[in-house]
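Asks: Per TrEMBL, the features are:
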type     : residues : note
COMPBIAS : 8-17     : compositional bias 'Polar residues'
REGION   : 1-21     : region 'Disordered'
TRANSMEM : 29-47    : transmembrane segment
TRANSMEM : 59-78    : transmembrane segment
TRANSMEM : 99-124   : transmembrane segment
TRANSMEM : 130-153  : transmembrane segment
TRANSMEM : 165-185  : transmembrane segment
TRANSMEM : 205-226  : transmembrane segment
């Protein structure tokens, strides 16, 4: 077996072989992150310029615009880096990403409710659209790349042990969005009487901020991963 084929496989502790995730260069990682950021910027531009709304005045509709703008970008980009390309076609990876949207939204919706999000009819659309945005930041990229591999999902999200450059683009922004949402929820119970303290405005700002910061950090990890791979080849 040549070096290229051997590098595509990793050996598990039980001695079996597991298909390694596809690698991604620093320039590719930058393009993926840049396009996702442009999708966010475009959604805010449409909401503010075309409809004269924002997260404070109309949080539900603004979050919906964000999800609509990000959905095709995230699915079409991350499906290119799917595992087991011989068994999984590009269209199948796209289908897995589309299926991951409602599943991830449901999980985030139930998680928000469990952590105290309002359950009244007034806040239901806001919570649903926030959960949809969170799904695109967290579970959808993993659905496109990893599919239903429970071991990989557990390793990335529960153990935080990404393997390879593309998994850093999945792991770090997802954790950044969750941590950002957690910090964004802090001002909500404070007696400041500000409009942006209402659910899910501050949480959404925190989610987006954490997501963007983690995307920048992921580029550093991808760069380090690529350097390590080059050193091993030499």
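Along the chain as shown, the residues are counted starting at 1.
Every residue, even glycine, has its Cβ placed from backbone N, Cα and C.
Just tell me what is around each of these and how deep it sits.
Replies: Non-local neighbours of the transmembrane segment (59-78) in the same chain are 32, 35-36, 38-40, 42-44, 46-47, 51, 53, 93-94, 97-98, 101, 125-126, 129-130, 132-133, 136-137, 140-141, 144-145, 169-170, 198, 200-201, 204; each lies 6+ residues outside the stretch with a CB under 8 Å from one of its CB atoms.
Sequence-distant neighbours of the transmembrane segment (165-185) (same chain, 6+ residues past either end, Cβ-Cβ under 8 Å): 21-25, 29, 32-33, 78, 81, 115, 134, 137-139, 141-142, 145-146, 156-157, 202-215, 217-218, 221-222, 225-226.
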Asks: How about the transmembrane segment (29-47) and the transmembrane segment (130-153): do they have 3 or more C-beta pairs under 8 A, pairs 6 or more apart in sequence?
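Replies: Between the transmembrane segment (29-47) and the transmembrane segment (130-153), contact is absent.
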